[in-house]
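Here it is: the structure, laid out below.
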Amino acid sequence: MASTTTPLTQLNAWKSLADHFSVIQSTHLRTLFAEDAQRGKRLTAEGGDLFFDYSKNRVTDETLKLLIQLAEESQLRERIDAMFSGEKINITEDRAVLHTALRAPKDKTIIVDGENVVPAVHEVLDRMSTFSDRVRNGDWKGHSGKRIVNVVNIGIGGSDLGPVMAYEALKHFSQRDMTFRFVSNVDGTDFAEAVQDLDPAETLFIVASKTFTTLETMTNANTARDWLLAAFDGDASSVAKHFVAVSTNADKVSAFGIDTANMFGFWDWVGGRYSMDSAIGLSTMLAIGPDNFKAMLDGFHQMDEHFRTAPFEKNIPVLMALLSIWYSNFFGSESIAVLPYEQYLKRFPAYLQQLTMESNGKYITLSGNRVDYTTGTIYFGEPGTNGQHSFYQLIHQGTELIPCDFIAFGKSLNPLGRHHDMLIANVLAQSEALAFGKTEAQVKEEGTPDWLVPHRVFEGNRPSNTIFADELSPSVLGQLVALYEHCVFAQGSIWQINSFDQWGVELGKQLAQRIIPELESSETPDLQHDSSTNNLIRRYRAIKEK
Ligand code: F6P
């Protein structure tokens, strides 16, 4: 299994970076730019349709050299090759990690357990395409013969966040006479609000769950079935026309009552948070059509090839990962803000929360030891310019160092007067202000009274990346998602953790199963929790019984 056995902090590059940090930590971006007129052009990279400007980072050529050395000593190249070739790098679940196979061209061969998985990927894609075309053109009818015009995806985590994000991101390309809704929360309000204005006879539910056992999804799916049956006088034969499933678990799908002919499968080598381009993307395909979905897959594949083949010096996901590690492990930064200046990407930060934090929120290394360094950066964000009027104050003048990823596009999909120029002026202004700030002398020159000067100074030296593309298309969305997927993997590889399991979500799930009967029992339960949990359970039961 490819991965170095030397602990991270014992690697030569790590030690050199620690020494180098003490030299460079207070060097200002103003100085770095003043010393090199070409910096803004030089520290850039291109991959697929993405242009990556990382010049506004607190790095010199020496820093970059040492970071790349860190990637090499961490055997990142070997880890990348192991992932792409289907090695079982998810060691705690004994699974290959092959979301890249979901977007591999038909003629590619990727072997898992002695079998080429690419034909099966394309077989599912073909079935999804046929089904999507039938629903979109009205050929697939509901139980009463009405056309399906509403699609409700029921799923949670990776079975929801990717589909919602992609639907919002690609709404411009969607079939506008259809309505798409997404139900995830076990809070009944989510389901009630999603269907309150829908006609069951025109509604198709996609039950999306890798395991088909997730509490939230199965509860919502059962409620959806009751809602449908109530409209068809309990006629169970209606389920066949109004429910399809996306899962790896055929037995559970049939047990739920969905014909496996209406099931779209995927495989255990696709992690939930890496699955939006598998059959989990069925709602996306229904919205934007098979051709656009395939263009999105092609975008993913372009970034896969860039990540797999580009030298680390020009490799965007690797550079992003190394920069994040530089800030996290040497500057002590805890978070990264992702700031898309594109309204259609409004759910992109929420999507990235799961991708990044469920992947790299781990304190145990691949060899089973506790890390003695920070892992798992906190990702958050909002679309620009809304974030500017919310949390940017802290990024500009707070005591935390929060590196930012700005995402912007040359063209708007909805050109309206001067809007787009103003939007782009804002994204450029923010990264400029963060990097260069405003000195005391500049503030004084403006005639600011002395007592107010410190409040109006911007110390600057706050780093950011800018990711730029011509226009948000299905292909560019695929490239952006793959960029972050691979950045997460590169981070995890250097931190020597497994980015592909999620044991940390299990305990809460188990405890909830124990508490549910204690809340529902008609007898007074014998509570054996801590005094806080016992007290809250009693309080809840008292309110419920009022
Ligand atoms: O949150 C834990 C998790 O297992 C995620 O990794 C996954 O995306 C989500 O639950 C949903 O799981 P499933 O698709 O099996 O319902």
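The backbone N, Cα and C atoms fix where each Cβ goes, glycine too.
The annotation active site, proton donor is assigned in TrEMBL to Glu358. The annotation active site is assigned in TrEMBL to His389, Lys509.
Any idea what these are sitting next to in the structure?
Taking a C-beta cut-off of under 8 angstroms and a sequence separation of 6 or more, Glu358 (active site, proton donor) has the following same-chain neighbours: Gly157, Arg273, Gln502, Val505.
Within 10 Å of the C-beta of His389 (active site) we count 9 further C-beta atoms, all protein chains included.
Lys509 (active site) is surrounded by 11 other CB atoms, counting those within 10 A of its CB over all protein chains shown.
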Please report the Cα separation of Lys509 (active site) and His389 (active site) in Å, rounded to an integer.
37
